[in-house]
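The annotation domain 'RNA polymerase sigma-70 region 2' is assigned in TrEMBL to B:28-95. According to TrEMBL, the feature domain 'RNA polymerase sigma factor 70 region 4 type 2' maps to B:121-173.
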Amino acid sequence: MAPIKLEENIREKLQERELQPSSDAWSKLESQLETEDEGSKSKNKLWFAIAASIATLLIVGALVFSPSNQKTSDVVVEDTNTKEQQYNDEVFKENTIVQENNVAEKGIEKEESNNEVLKPNDIPRKSPKSISEEKKVTTQQAVASTETKAIETSTENIKTKETPSFIDTKVTEVVAQVKNSETITAEEVDVLLLKAQREIQAERILNESKTKIDATALLQDVEGELERSFRDKVFEALGENFNSIRTAVIERNN
Amino acid sequence: MKLISLHKNYTKLIAKAKKGNRKAQHELFQTFSPKMLSICRQYLKNTDIAEEVMLSGFLKVFTNLDSYKSQGSFEGWIRRIMVNESISQLRREKKLQFNDAAEIENSIEHVAYIETELEANEIQKLIDSLPEGYKTVFVLYALEGYKHSEIAELLQISESTSKSQLFKARKLLQSKIKQNNSSYGTH
């Protein structure tokens, strides 16, 4: 018998050898694989959750800190301010209307100083346009008892170009009343002025809701002037005769 | 032809098994488990433990299929996993002890000749009779073709220890075979 290399013999024999595993070997392995799969799935879920939260943080951070977004957020703030302003204006309007009603009820005894207090609230919200259209109706209703006569008044002093005709009409009315009534007193004149002013204010307030223009800013400039210009115009229209008429009336009453 | 078609099937099977296809995994297991159990058995005397180790080896095979890059033989890749698992098992059992004090004789390149061809089960018995340290180095070197440097790294021993363990294993085997032969001869 030829000598055989020990290790070669061993290697050949053992490499050819196959040992059949037990019958339940695969099912054991399968169950192990399934638990392994579940573990890896839950791990994957965990990693997904972590990745998602990091991404969310990054996005939120980018939104918060990026300069472009600061701009947009500023815009938003301005919008809300504007809305708040509008809302406040509306509330203010309502208040003003209520105030006016109250004033109208208490009516005639109001002093000029009171009017001056009221005016700043009311005048800012004028809507320039369409006043002339609506004023005619209001004028006829409000001053139904008085005759409307055309009296020349100087409108040069009025800087508000949007509201001249209405104010002019009022001036005309007041002057006409003063001139027509022979028994007019100073208080009555004041009452007439007050009434006319309120009507002008009411007219503007009514019109405001139809415009989108920022009435507050625009008309605040006009505010002081309207008050003066109206009075100025009335007295101007009455002219120097007013004092003499007034004095005469007072003397006669006495 | 058979081999070629088999190889093609492996590629497909491996691709499917990578995606977690249980059927493909089962087929690969059926194909390779007998050989792999044989390999584990070379290191581990207890067949049940060898099978457990083989199963844990397959679990690693299937969960780490992505790291198999289709370069080199798939069987070789699985074999290495099985060898590592077997050695880990030996380490857990604390059976891997090496006597570094062994002297290395000059006859390292000594080639042993035997006069009779042994059957696999006889060889297994001889190997089983070796001490764990000798046996592991011998199986790795003589049967799996590992180099001493690789064995040293795998078993975390020095190369000289690997060489001395191999020498002793060979010497012991020869004497055992001689005993067997002489016992046969007496019949």
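The backbone N, Cα and C atoms fix where each Cβ goes, glycine too.
Computed from a predicted structure; not experimentally measured.
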PLDDT averaged over the residues of the domain 'RNA polymerase sigma factor 70 region 4 type 2' (B:121-173): 90
DSSP-derived helix, strand and coil totals, residue by residue, for the domain 'RNA polymerase sigma-70 region 2' (B:28-95): 55 helix, 0 strand, 13 coil
Helix, strand and coil residues within the domain 'RNA polymerase sigma factor 70 region 4 type 2' (B:121-173) as assigned by DSSP: 44 helix, 0 strand, 9 coil
